[in-house]
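Some features that TrEMBL has for this protein:
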TRANSMEM  82-101  transmembrane segment
TRANSMEM  113-134  transmembrane segment
TRANSMEM  154-187  transmembrane segment
TRANSMEM  199-222  transmembrane segment
TRANSMEM  263-280  transmembrane segment
TRANSMEM  292-311  transmembrane segment
TRANSMEM  331-350  transmembrane segment
TRANSMEM  357-374  transmembrane segment
Amino acid sequence: MALAVLLLPLWVLGPQTYITLDDNLDAELAGPYLLARTGTALNYGAHTVLPQIMNGLPRNALRPGLSVTVACFELLPPLPAYLLNMVLVRVAGLLSMYALLRCWLLPAREQRALAAGVALSWAMLPLYSMYGLSVLGQPAVLLAVHTLRGPKPVLWPWLLLALFPLWSNLVLAGVFVLVGAGGYLAWTDWQQRRLSWRAWLGLVLLAVSYGVVEFPLLFSLLRHHFVPHRTEFDLLQLAPATLLSQVRGTLMFGLMGQYHSSLFFRGLLLLTVLLAWWQARLQRRAFPARPVICLLVMLTLLAGFCGFYPSLLGALQGGLPFLRTFNLTRFHFLTPLLWLVVWVLALRTLPAARVRWALVVAQLLVVLLMHREWTLNLRQLLGRPAAAEPNYQQMVAHALFTRVQQALQVRSGQAPAGYRIACLGLPPAVAQLNGFYTLDSYQNNYPLPYKHRFRRLIAGELSKSPQLRTYFDAWGNRCYLLAAELGKNFRVPASHAPIQDFAFDAATFKQLGGRYVVSAVALAHPARSGLQRVGDFADATAYWHLYVYETL
């Protein structure tokens, strides 16, 4: 019931709901939506493509079809599918943590309410629900592995480990969950001088299940269907390895975490540890110093590893090329669970129930106040929306894009499938969600030759801005039309001043099949860019004022 109340602000606003924009609405919704719409979710053929993205993005560059998240998009339109997935993820996360606490860390009858409070704060962590149970489901994996170490044969851990990959991400978290669980088993087996063969077989089952679910990715890598653009990553250019920046990064990872895997202040958790230790010392009570210190040392080492990763990358990527494409700092996906275990170990030693509950309520407030979807929707409900953070209706602007689509159909006599567009000043995912076929997109994996061809469109703008040149050449996940006058502003509001000089290669654009540029900002001299304005569109409910240009 408490979880339902806390999730209410995210549901009652309907299309005016705010959902996370960066790396979420602009990156994660269009993929499963188009897989469902085109019926290609389970079509893993080597030649299967999605024509709506990048002139035919290979289907195997997208997330697997064997996914609870994709199933939500098969059943519902994008926003209801997103909200359903989010609610299911948080309910499953609540049950996952509650089961771990009741079966292991807080098993006493009088600890039930405390376990529920801790589980609630866990379920409301500010993280990306489109990654499924990659973080919130980890307690269930830990409990399953722990149970398999026991003497009794039980069925449910095997089922859970087999099904976990259906609702988590191998690249972001799965690899690190396997490494973390393997490390836990190796440590406990070494301490007890025995081999937990059932638990190790459980990890083998988890790995095999990931292999089945992530078949599209693994198959495309093994068969070399395309050379991914990630092979040209140069993260050292994006994150220079200066001592100050790496110390700052270490402190950030240690005290705040990382926004994909849960960004919240860890200070209250540390305060709980210090308070529990101090009271145990005053009252001569037992304090679990060894596990707490071991976990805090591990968290410190992980923070240092993530913070100083640029230096490590500079030293090793020459001999280990895979480090260019695979980000080892994603070990941070394990840290929220490690912090919660430390917190629970300290909480349960505090003698006063009122103190324990005060800390639980305070921690819940911390995660809620740092939960942007929750706070921004609460602001919407209170009639004080954040002007720079458009809600779903304003961002996707279906009515506005429908007018654009109708105008282009009248002009060209073609449906969106008959022409290609690119977006300037707004995420291409917005156009994709409205049925357009875009040459640009935000993708974690796409063919390197396409990146090289697309670069020619914006080479003139990249030459004006070293920042944008590095951003595109050393990374390039945002394969966007870039403009030096906009910088890295990919969400230009309706009142923005015109771009005075847009160095755009219209001839190459036409060679790629492009016909229209849909821009959130006016071009002062479109003819210099090989373009002509064919319309501008506004809508009171939209965040954008759209200007549509056609190639000359």
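For all residues, glycine too, the Cβ spot is worked out from N, Cα and C.
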Range from 154-187, 263-280, 292-311, 331-350 with most C-beta pairs under 8 A to the transmembrane segment (113-134): 154-187
Same-chain residues near the transmembrane segment (331-350), Cβ under 8 Å, at least 6 residues beyond its ends: 97, 101, 105-106, 111, 114, 118, 122, 125, 127, 134-135, 138-139, 142, 172-173, 176-177, 179-180, 253, 257-258, 260-262, 266, 269, 272-273, 275-277, 279-280, 285-288, 291-292, 295-296, 298-299, 302-303, 305-306, 356, 359-360, 363
Long-range neighbours of the transmembrane segment (292-311), counting only residues six or more past its ends (CB under 8 A): 235-236, 239-241, 245-254, 258, 273, 328-329, 331-332, 334-335, 338-339, 341-342, 345-346
